[in-house]
Amino acid sequence: MLLTFEPVLDRIAEEIADLTERGRPADYIPALASGDPQDFGMAVAELDGTVYGVGDWQRPFSTQSVTKVFTLALALARKGEPLWDHVGREPSGNPFNSLVQLEYENGIPRNPFINAGALVVTDQLHRMTGDASGVLLDFLRAESGNQDLDFDRDVAASETAHGDRNAALAHFMASYDNIANPVPTLLREYFRQCSVEASCADLARATGFLARHGIRADGSRLLTRSQAKQVNAVMLTCGTYDAAGDFAYRVGLPGKSGVGGAIIAVVPGRCTLCVWSPGLDERGNSVAGVTALDRFTTITGLSVF
Ligand code: GLN
């Protein structure tokens, strides 16, 4: 079926404008606390990179945990299956910054999308490349076609100054020999990674390789078809933390959220989406973002189910 996305996006934006309960911005990172829950943007990218958008779809924001998808793909492409010796792929059922499962699982985090797991993935990528955040930034620039993408040094500094929880996770896993780099090096890379600024248009395009079964924007292959399937599967089961079941129920797509208010989602073989609105629910997912994706898959029928 040929489908034009513009009327769908316009309709969703109108519905979102009427949404009264929109959550609160993340305030544990002071640089994000001033986000306005009324802000809203959404973009859909076709497989060829054509993008449709509505609202603030070209406005840069803090990508935060959305970057965990890209570092996972970059690490998996280099390391293959042995990556899973360091990090699991089961939903955690616990908050994204939780420590509790690490002790009885010997320092192996549940999945790559909670903070502990993302720290391990960034650690592995840094061990293999010597420049995890740089490799990530280059990849995002290439896939989005936006060479201006960059780190936000204020956000990275704000997270570093309030990074006790992530430092605790990293040190704890280091005590089980599951961290290869010095912890301060790893934290610097991780906070840089989280601080990348990008728009819905940038992220919808940059996610395209997951809808193209591993093929990058320039036609080269990053992941095997099977690895792309695996990343999408882990997004579906773990990408929205302890709300992944509800997200699958409502949206029915592989997705990944970040505390900056963004969520990316993949319709394999068809298109990719990014939605942004800074008001979060108590699990750290954008309230308007989940609602908009729910409406998108309901109106278009485009889901993996
Ligand atoms: N930088 C954030 C943190 O480490 C990322 C968390 C998120 O987006 N869920 O706490």
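Each Cβ is built from the backbone N, Cα and C atoms, and glycine gets one as well.
Annotations in TrEMBL come from automatic prediction, not curation.
Just one of Val51, Val100, Val135, Val259 is listed by TrEMBL for the same substrate site as Ser65, Asn115, Glu159, Asn166, Tyr190, Tyr241, and that one is Val259. Only Asn166, of the binding-site residues Asn166, Tyr190, Tyr241, place a Cβ under 6 Å from an atom of ligand 1.
Looking at Tyr190, Tyr241, the binding-site residues in this record, the fewest other C-beta atoms within 10 angstroms of the C-beta turn up around Tyr241. Its own atom aside, the Cβ of Asn166 (substrate binding site) has 22 Cβ atoms within 10 angstroms in the protein chains shown.
Of the residues the record lists as binding substrate, namely Ser65, Asn115, Glu159, Asn166, Tyr190, Tyr241, Val259, the two whose Cα atoms sit farthest apart are 20 Å from each other.
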